[in-house]
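Colleague: Handing you a structure now.
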C-alpha cells in the first residue's frame, strides 16, 4: 500500500515539474528559437555564440507579457552595433546586415558602433567600411579596449565630430601584412595585390585624419600604438570621453560622404 502511494506522489511531482519547465520554456526561451524570429536575430546569436559562449539574456515586460532578447539584439533596438573581436567575413556579414537594417528603419537617426577589435582580414574590414560610407545615417564610433589595424580604420571612418574613445583604450595603425606560397609568379601577384591594398588603406586614413600621404606612410611603416589623446591629435578620433555625452552634443557635421579609392598610376606617354 505504502509503495503504491509513494509512487503515485512521485509521478504527480514529476508531472508538476514538467509542467513548470514547459511554462518557463515558453516565457524564457531565447527569441531566436521562435518560428517568427527574424533571420538577423538568428544570425546575431549564431555569430555571438561563436565569439562569446555565454550570452546574457534580457527579459522585458511588455503589454503582451514577457519577452526575452539576447543582449546584442536588445542593443540593436537602441541602434547600437558591437564590433568585438577579430574582424573576419562572418563578423563583417553580421555588422553589414545590422547597418542596412538600421538604415531601413531610419536613414536619419545616428548609429552607434562600439569597437573592441585587434583587427583582422583587410577585405572584411573594407566591406564594413564601404557600408558605413554607403548608408546615409551618421555613424558614431566608440573605441572601448582597443582599435588596432582594421579596427582603427573603422574608428576613423565615423562621422566627423562623432568619433570617440574611452580614456584607457589603445589605438594602433600599421601597414597590411600577408603571406604567399607557390610559384614565383603567384607570389609576385600576391605581393602586388598587397601593395595595392596598402596604397588604398593609406588613402582612406589620409581622407579621415586629414593627414598627408607622406605622414600616413611614415606612421604606418611599423606598428604605431597611440593613446586616445595621441590618436585625437593624429585625427583618428575627435573626443576622449569619461561620461556619456549630453543631449545635443553629438550633432554630426553635414558632409558629403565620399569613398576613398586607391591611387591610379598616370597613363604612360604615347609616342607619335
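Quick reminder: no glycine exception, Cβ is built from N, Cα and C everywhere.
Swiss-Prot lists 1-52 with the feature transit peptide, giving similarity to another entry as the kind of evidence. For 149, the entry in Swiss-Prot reads active site, nucleophile. Residues annotated as active site in Swiss-Prot, with similarity to another entry given as evidence: 174. If you look up Swiss-Prot, you'll see 196 marked as N6-succinyllysine, on the strength of a large-scale study or a structure entry. The feature N6-acetyllysine is assigned by Swiss-Prot to 207. The region 'Disordered' annotation in Swiss-Prot covers 240-272.
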Colleague: Tally every other Cβ atom lying within 10 Å of the Cβ atom of the residue listed as 'active site, nucleophile'.
Modeller: 25
Colleague: Fewest other C-beta atoms within 10 angstroms of its own C-beta: which of the recorded positions 174, 196 fits that?
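Modeller: Counting other Cβ atoms within 10 Å of each of the recorded positions 174, 196 gives the minimum at 196.
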Colleague: Just to be sure I understand: of 149, 196, 207, which recorded positions have a C-alpha no more than 10 angstroms from the C-alpha of residue 174 (active site)?
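Modeller: Neighbours among recorded positions, in sequence order: 149.
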Colleague: Give the three-state DSSP assignment (helix, strand or coil) for residue 174 (active site).
Modeller: coil
Colleague: Could you state the whole-number distance in Å separating the C-alpha atoms of the residue listed as 'N6-succinyllysine' and residue 149 (active site, nucleophile)?
Modeller: 17
Colleague: Enter the number of other CB atoms within 10 angstroms of the CB of the residue listed as 'N6-acetyllysine'.
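Modeller: Step by step: centre on the Cβ of the residue listed as 'N6-acetyllysine', count other Cβ atoms within 10 Å, giving 17.
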Colleague: Could you give the Cα-Cα distance between the residue listed as 'N6-acetyllysine' and residue 149 (active site, nucleophile), in whole Å?
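Modeller: A Cα-Cα distance of 16 Å.
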